[in-house]
Amino acid sequence: MDYKETLLMPKTDFPMRGNLPKREPEMQKKWEEMDIYRKVQERTKGRPLFVLHDGPPYANGDIHMGHALNKILKDIIVRYKSMSGYCAPYVPGWDTHGLPIETALAKQGVDRKSMSVAEFRKRCEQYAYEQIDNQRRQFKRLGVRGDWDNPYITLKPEYEAQQIKVFGEMAKKGLIYKGLKPVYWSPSSESALAEAEIEYKDKRSPSIYVAFPVKNGKGVLEGDERIVIWTTTPWTIPANLAIAVHPDLDYHVVDVSGKRYVVAAALAESVAKEIGWDAWSVVKTVKGKELEYVVARHPFYERDSLVVCGEHVTTDAGTGCVHTAPGHGEDDFLVGQKYGLPVLCPVDERGYMTEEAPGFAGMFYEDANKAITQKLEEVGALLKLGFITHSYPHDWRTKQPTIFRATTQWFASIDKIRNELLQAIKETKWIPEWGEIRIHNMVRDRGDWCISRQRAWGVPIPVFYGENGEPIITDETIEHVSNLFRQYGSNVWFEREAKDLLPEGFTHPSSPNGIFTKETDIMDVWFDSGSSHQAVLVERDDLVRPADLYLEGSDQYRGWFNSSLSTAVAVTGKAPYKGVLSHGFVLDGEGRKMSKSLGNVVVPAKVMEQFGADILRLWVASVDYQADVRISDHILKQVSEVYRKIRNTFRFMLGNLFDFDPNQNAVPIGELGEVDRYMLAKLNKLIAKVKKAYDSYDFAAVYHEMNHFCTVELSAFYLDMAKDILYIEAADSRARRAVQTVLYETVVALAKLIAPILPHTADEVWEHIPNRRENVESVQLTDMPEPIAIDGEEALLAKWDAFMDVRDDIFKALENARNEKVIGKSLTASVIVYPKDEARKLLASLDADLRQLLIVSAFSIADEPYDAAPAEAERLDHVAVIVRPAEGETCERCWTVTKEVGADPSHPTLCPRCAHIVNEHYSA
């Protein structure tokens, strides 16, 4: 007889290799065919809503690793919530207006000048939709479940219509105004920029010290002194109208070889060193406020430069006397307003000097630096020229330097709602907690928001002008424009005359002849995405404002978190979100930023081709995403190894359930042996820990708990021990059915617990569970597992956890015996233990076959105490252990070594246990 035929070896079609790159798309096709998103929404209808509102990625180019991290994190949360008592819709969105699309079209050879604005905008829209289709395909490949057929898109008419209403509501509350103000200006984009569109990079700039001769000392100065300023922007000297000092600082008049200079007392030493004044002395000291209204002369124009007082002056650097050009700086502008100074801005939108800078007109501002410095030297005003490398604002899209330039722009007042904004921040839950400090400080310190852009591709600012130039924004015009946009899209603004965009018969006191013009600027794209709480959460029936969660990268504290907060508080007085969670950036394996030049860019599509989406998702779960995270081939291989172990654990359990039907064969929980109940108690603990980790968005804890449970609790303990029962015992024996009961409960629970992170694998497991109690086609249509009721659970855990410590001792002794070649596999060993008192009591109380549990052929507990163990015993923490080779023959069927092999003459190579099983169940 071939005894192999009598063993119940695992059988399953669940493959050992994941082959995810091939299998995942097949699974996704299946989900699509069953319309899984709709099914989940129908199943969870009527439950409390959990709304994670998707921050819209920009519709341009392939997705990068930051996108993948972001979308996978969102998907894990949404999937978990929909299995945890919530209805969790997920509506993905796209941000579609702005310069990158205009630039992309220019690169494709689209000549904007050769077509009307409306035509150009149609091309932009077409391009945006192509990009959306491309990105949608890539996001779906990540396994992200959502309403992909009905996303929100910022260029859609219904979205733009709501955005106009947000603008109108803000205008109605007096929060929108037009003003001449210095704003970040990008010569390379020829447009104003918001703070969120600025990034800081190192730049080399000239560093000059310039002397302004005093013209009228007002009795405080003699009139022959020269006030020393320091600047890194010589091109702004032609726009100088004042010199600012701090009212409370001391200022020295110093003598240097007969010439007198004015500098802040605290900086005199460093200025002297910088300029190279060898011998200098203090002639007198005055307070800044005494210098107010002293008149200096511009170094090379016939023009005064007034000394003014400003709280913004510091002694961090420079001279304490600040060159002030109201057209080129926010502080300069504000102090200029206070003193009634004109706003002079001799630089055009392309960055070229104008006629208002005689001698330099037509020069690009960077080139003018040199010419102006030479001019200062000619007139004897240049005290020192050097160069510094410093952090300087750049246009985040063109990567070129920006300038401050006073222009007429539309602004949203932050000042008027600042306290409400700060209160809303306080009422929001920020994860991590430092997020609150970050956004609080930004909102506390930020200026008003410049919302106008001098471009074509965006939502028009819905303002009309009367004959006298007065801006017109009324409830009536806003309502009408909003309805027009809903019907025709915002292109209608560029296709029709102003009169055709106004309500029929509209009149206004500013236009007695009924002639109106319209604004040509568009809104900042941050106003687009920042209006999504109104245009998406309020507009759509399946969503609600405030959202439960916004989740984006940490760059969005100044971006979307901020613009959404500003518009929502302006319109509703409340934040648009209850909670905000931020993640870090994705770096390479060495912690460097990814860049094409370094050749260290890891692309999601490539990772999925090589490893599969579930591996990428498992990587997301494995990292501390609230800080910056690292990814590399090596890291992904480590994650793949963890995946392989989890998969193998599933495969082993599935293979050993091939003949198990829980409805027919399950053993009632109360009738299971202790070790089986202990395993279920461990499963209960896992369920509680994993759910808690998901609830607190701690996916790394889910990853570690699941990995530990599969490798340590299951593979290395229970499953290893259970093989002797599963393969050897009779198919329908109580012991085997008990183990199968545990395996069934465990495989079902684990498939559900891992489903939010590994949806493809979880569903593959689900399909392969034989005779499932829950007859649903996808694990996504189930709920998270509940703990199994076990009598005396805590006492059971305490007792068996203590046994695991004793087991560790015995395993150490076995390992040492193996290394010393005393034994081979553990089944060739005979073990005698000499326990300490506690351990003796424990071992005596266990309702289990310890020989089987320890996977040895013979096991005995000596009568002698621990201290009386013979010299050959290895003394460990709880027991002293003697390991010897087991005596007897090896049973051909179960591999146990015993002297009783052949006791049944009809089975000379079997132990009595196997002979009995074969006789009972397999005899011909």
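Cβ atoms are placed via backbone N, Cα and C, with glycine included.
Here the Cβ of GLU552 (L-isoleucyl-5'-AMP binding site) has 22 other Cβ atoms within 10 Å, regardless of which shown protein chain they belong to. Summarising the annotation, Swiss-Prot assigns L-isoleucyl-5'-AMP binding site to GLU552 and lists sequence analysis as the type of evidence.
What Swiss-Prot records for LYS596 is ATP binding site, and it gives sequence analysis as the kind of evidence. Annotation note: LYS596 (ATP binding site) sits in a coil segment as assigned by DSSP. Taking a C-beta cut-off of under 8 Å and a sequence gap of six or more, LYS596 (ATP binding site) has no contacts in its own chain.
Neighbour list (CYS891 (Zn(2+) binding site), Cβ cut-off 8 Å, at least 6 residues apart, same chain): VAL897, THR898, VAL901, THR909, LEU910, CYS911, CYS914. Under the three-state DSSP scheme, CYS891 (Zn(2+) binding site) falls in the coil class. Swiss-Prot lists CYS891, CYS894, CYS911, CYS914 with the feature Zn(2+) binding site, giving sequence analysis as the kind of evidence.
Long-range contacts of the motif ''HIGH' region' (57-67) within the same chain, counting only residues at least 6 positions beyond its ends with a Cβ under 8 Å from a Cβ of the stretch, are 94-96, 98, 100-101, 104, 128, 131-132, 134-135, 138-139, 153, 553, 585-586, 594, 601-605, 631. Residues or ranges marked as motif ''HIGH' region' in Swiss-Prot: 57-67.
The motif ''KMSKS' region' annotation in Swiss-Prot covers 593-597. Averaged over the motif ''KMSKS' region' (593-597), the predicted model reaches a pLDDT of 81.
With the fewest other Cβ atoms inside 10 Å of its Cβ, the least crowded of the binding-site residues CYS894, CYS911, CYS914 in this structure is CYS894. When the alpha carbons of GLU552 (L-isoleucyl-5'-AMP binding site) and CYS894 (Zn(2+) binding site) are compared, the span between them is 56 angstrom.
Under DSSP, residues within the motif ''HIGH' region' (57-67) fall into helix, strand and coil as 3 helix, 1 strand, 7 coil.
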